[in-house]
Amino acid sequence: MASESETLNPSARIMTFYPTMEEFRNFSRYIAYIESQGAHRAGLAKVVPPKEWKPRASYDDIDDLVIPAPIQQLVTGQSGLFTQYNIQKKAMTVREFRKIANSDKYCTPRYSEFEELERKYWKNLTFNPPIYGADVNGTLYEKHVDEWNIGRLRTILDLVEKESGITIEGVNTPYLYFGMWKTSFAWHTEDMDLYSINYLHFGEPKSWYSVPPEHGKRLERLAKGFFPGSAQSCEAFLRHKMTLISPLMLKKYGIPFDKVTQEAGEFMITFPYGYHAGFNHGFNCAESTNFATRRWIEYGKQAVLCSCRKDMVKISMDVFVRKFQPERYKLWKAGKDNTVIDHTLPTPEAAEFLKESELPPRAGNEEECPEDDMEGVEDGEEGDLKTSLAKHRIGTKRHRVCLEIPQEVSQSELFPKEDLSSEQYEMTECPAALAPVRPTHSSVRQVEDGLTFPDYSDSTEVKFEELKNVKLEEEDEEEEQEAAALDLSVNPASVGGRLVFSGSKKKSSSSLGSGSSRDSVSSDSETSEPLSCRAQGQTGVLTVHSYAKGDGRVTVGEPCMRKKGSTARSFSERELAEVADEYMFSLEENKKSKGRRQPLSKLPRHHPLVLQECVSDDETSEQLTPEEEAEETEAWAKPLSQLWQNRPPNFEAEKEFNETMAQQAPHCAVCMIFQTYHQVEFGGFNQNCGNASDLAPQKQRTKPLIPEMCFTSTGCGTDINLSTPYLEEDGTSILVSCKKCSVRVHASCYGVPPAKASEDWMCSRCSANALEEDCCLCSLRGGALQRANDDRWVHVSCAVAILEARFVNIAERSPVDVSKIPLPRFKLKCIFCKKRRKRTAGCCVQCSHGRCPTAFHVSCAQAAGVMMQPDDWPFVVFITCFRHKIPNLERAKGALQSITAGQKVISKHKNGRFYQCEVVRLTTETFYEVNFDDGSFSDNLYPEDIVSQDCLQFGPPAEGEVVQVRWTDGQVYGAKFVASHPIQMYQVEFEDGSQLVVKRDDVYTLDEELPKRVKSRLSVASDMRFNEIFTEKEVKQEKKRQRVINSRYREDYIESALYRAIME
C-alpha cells in the first residue's frame, strides 16, 4: 500500500474536489476518499459543495451578533520574516465590524489580478494594523442541515466529549471568524496536529499557503533558524500563531509550498501536521472546527506541544489508543511505541477506495463513522447563532495573546509597491465525478551629544510624515524588500487593563537622514523605539512582557563567576547603586543634549578605522603606573586584573585565563556570551555540554549555544545563508584548543574545518603571531579573536553581539567587517570599565529593554554576569542589564533564608500594606496538583476538593489516577492526579494582634532585599492614624524665582515706574 500511496499526488499539490449531493452526504467517507486520491500529501485540500446545498438560507439577520473580543493584528518585521501580535479591542457587533472593514481606512485596495493583491499584502503587512473578529463561539448553520455540519461532523474526535463530557471550544465546537483585508493567520498546524475544516459563509475570498506534511520539519528548521530566541524558549513556538514567512522566503530556501484561494461557499480541509497560513481579501465570515480520523491517532500521540504555557490545548490520547490500537496500548503506556509516521499513507478508512475504481452505494448518516466507531454518539442540539455547550465545559481552544489597549493605531502611508514573484500552476477542468481530480494552485539609542530624537512616549500615534527622513538599509537588488518594520510606541499611561504581551525588543539598524551613505547618522527622534507596549508601574519601572520567552518576567539567579574555585554571589547594594547612578547620569546627559545637532565629521580616535600608527600620545600614555593601580574590590573583576587593555600585555595571564574558561561549561570561548542565560533559564547546562572533568583535551563534541543566525544576521542586508558549517547531524561540534594560547572553541563557532581540528591547531591570532594585538571593540584581553577588515582584531563574541558587525566569510567566521558600526556606539561609556580606564575605548552595546541607555562592552558584560540571550530575526542578541533584572527577579527557592518561630519578619496585612510582624507558629499544609481533561491545570487544590475519594482519611490518590474535582464554581470536573505538595506555612501576628497564615513567598526577613512593590507599601504600626499630625518636617525654603518682563513686549506698552520696580 505504501508504494501505491507514493504514486498518489506525487507533486503534493493542493487538490480541488467537486462531490455530487449523494457523495456529499457522508462526511467521514468522503474525507477517506480524498485521501485515497492523495489530497493529504499537500496538507490542504479544497472541496466545492454541490450548488443545491446551502448551510443557511440568508445571512441578513446576523448584524446583531456580538464579536466579544476582536483583535488588532500588529505585525513587525522585514524582508519576508514577520512576527504578529494581537491587541484586544472592545466588543462590537457584526454590523459595526462590517462598517469598519468597508471603510476607506481598512477596505481592500484596487487590484487587477490575485498576484497584484498578494504583492500588496506582503508589502503592506506592517502598516495600518487590521482588526480580526476571531474565535467567536457559535455556528451559522441552520438546525436541519445535516451534511457537513461543522457543529456535528460525527468523527472519532467526538469521543472526547462522549467519554469525558468535555468540550474544547474551537476544537470540538465551531468557531466563527469575521475577517477584513489583511487579517492573517500565521504559520501553524492544528492543535494536537488534528484535521480542520473551514467553510467560508460569505464575503471576500481567503488565500491559503500550505507546506506538505512530509516537509513540515524543514519549515520548522527554517523558522528556528530565523527565530532562535523563540525556539529556545518553546520547542513548538509556531503553535503560538505569531510567525509569518513569505512565499518568497520559502522559495529562496527551497521549502516546497502551494497556494490556493478559497471563495465564498467553499470548504478547505487541513490535514494532520500540515503547516498552513493565509490572509483575507476583505470583509468575510468563515466557520471552522477540528475533527479526526483513525490516521490522526498516531499524529496525536507524537504531537510536540507548546511547553511555555500549560493552558494550551492538550487531548489525552488514552481513549483513542485503547479503542483503536488495543494491541499497542500497553506498549504505548510503557513509552516503547516508536512508530515512524509515513505522511504519504492515507487513513485506514480509505482502503476500500484503493481497491475500487468507483464508489459503492452510499450509506446513510448512521454509517458515517466507520466500523461503528462512534456508536452511541448522539447529535447535539444547536441554535442558529448559539454554540452547542456540553454539560461540563471547562476550557477554550486557545487564549490569544493580547494587549488590552483602547486607542486606535493611526493609519500610515504605504511604501512604494514592489513585485513579488510567485509560481503558477496549470489548472485542468474535470467533471463532477470522483475519479478525476483537479490540481489547483492559486539603530543605536545614543544618550551622548550628537543624536537627538523626538519623544513619542506620550502619544499612541506615530505619523509617517515624521519619519520621511528615515531610510532603511538597502538590500541586494535581486532580493526585493517586501516590507519595512513599522516603529510604533504605545503610551504606557494609557494602557487600560492587563498588559499581557509586548512586541519585538529592538529596532532594526537603519541609516537615519536623507543622505545615501550608510554611515550617516542623524535623526530628530530621541531613541530608536522598539515596537512594544510597555506598562509602567507606580515606581516607574519599565516592564517588558514577551510571550515567546514565557510570560516576560525574567527569572534571574546570581551572576556566575568564571574563576576556578570562586562562588556565585548576589550583587551588593553599592554595586546596584553604581548602576543606578550611571543610569541617572545618562538621563541627565540625555536631557542636556536634547535639541542639539552636531555633525559627525570626525572619527573618534578609538574607532577601529583609525589607523594604529595615528594613535595620539594621549592614548599611548594610558597605561597605569604601579602607584596608580587601585586594588580591585569587585569579585567578578578580580580574575581579570591583568587582562585590561590599559595594562602591559601579559600573554601568560591570557593563557591562564583561557585555560580556566576551557574547564567551565560550555567550554567554548564564543559560547560564553550566553552562559548566564543558560544557567538562569535552564538551571545550568545539559548533558550535551559535558563536565569539565569528563572533557578530553581534543575530540570532545558538544552542542554550541550560539545559533547560526547570530553569525549570519546583520543590520546591513537580508541575503542570509542559514547553512551550519562544521556541525554534525545531531547538532554538536568538535571542541578544539589552540596549542599556543589555550583558547578553546567549537569548530563551528570559530570556523575551523574538520581537517584542521587537530592537537596542533592554532587560532588565527597565534597563527599570525600577533600576540600583542587586542580586540578593538572592547577593553579586555583573552578569548577567541579573529582578524577585522582593517588589519585589527576583534573577539568573535563581540562581533556576534554587535548587530552591525558582519562576518565577511560566514563559514570561516572571518574577517569581521566593522566599518558599518555607527559612530555613536564608540562614544558610549561602559558602566563596568569606565572607572578602570582614563579614556573611552571600544564599542558598547546597550540594554535591550525599552529606552534603557545602560551601555557596556560585550566582554565586560559577559564577565560581570549580564544576561545575554539569542534574539529573533532581524536582531541577534537580547541583553538584560542589572537594572531590569532586579524588578523582575523572583526569589530563588534555594536562596530563601530559613525562618523560625519568634523571628521578626515583614508580611502583608489584611489592609493591603506591609508591616513588621512576628512568626508565632510554623505549620505544614498539603496542596494537590491535577491536570484537567481539557488541558488546564491547578496546583493549589485542598485535599477536600477531591470528591471522588476521601483524601483526608485515605491520603492522596496515586499518580495518574483519574479523579473528580469540585471547582470554585461549584461544578465537578474530571482530572488526573499529578502530585501532592507539602508547603511550609507561617502563622504571623501583627502588632495590632491580628494573625494570618501565609506562604514563604509572602514573608520577607528584615535583612532581605525588598521588591519595590513591597517598599512602596511598607508602613510602621502606630496608634495614630497620621504620624505627623503634631510635628512638621522641616521644609527647605528655596529662593523665590525672579520675575522678569518679557523683552519682546518691553517697549510695547507703558507701565508705571512702581510696577516696573516691583517686576524687576
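Yeah, the Cβs are placed from backbone N, Cα and C, and that goes for glycine too.
Database features (Swiss-Prot):
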BINDING   Cys234, His240, Cys306, Cys308  Zn(2+) binding site
COMPBIAS  366-382  compositional bias 'Acidic residues'
COMPBIAS  616-634  compositional bias 'Acidic residues'
DOMAIN    142-308  domain 'JmjC'
DOMAIN    955-1011  domain 'Tudor 2'
ZN_FING   709-767  zinc finger
ZN_FING   772-805  zinc finger
ZN_FING   828-885  zinc finger
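Locations of recorded Swiss-Prot features on the structure.
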| residue | record | Cβ neighbours (10 Å) |
| --- | --- | --- |
| Cys234 | Zn(2+) binding site | 21 |
| His240 | Zn(2+) binding site | 22 |
| Cys306 | Zn(2+) binding site | 19 |
| Cys308 | Zn(2+) binding site | 18 |
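Averaged over the domain 'Tudor 2' (955-1011), the predicted model has a pLDDT of 86. With a threshold of 8 Å between CB atoms, the same-chain residues lying at least 6 positions outside the zinc finger (772-805) that come near it are 506, 509, 606, 608-609, 612, 640, 643-646, 649-651, 653-654, 657-658, 661, 669-670, 672-673, 706, 710-711, 713-716, 743, 745, 749-751, 763-765, 813-822, 825, 830, 833, 836-837, 841-843, 845, 857-860, 862-863, 868, 875-877, 879. Secondary structure from DSSP puts Cys234 (Zn(2+) binding site) in coil. With DSSP classes pooled into helix, strand and coil, the tally for the domain 'Tudor 2' (955-1011) is 3 helix, 32 strand, 22 coil.
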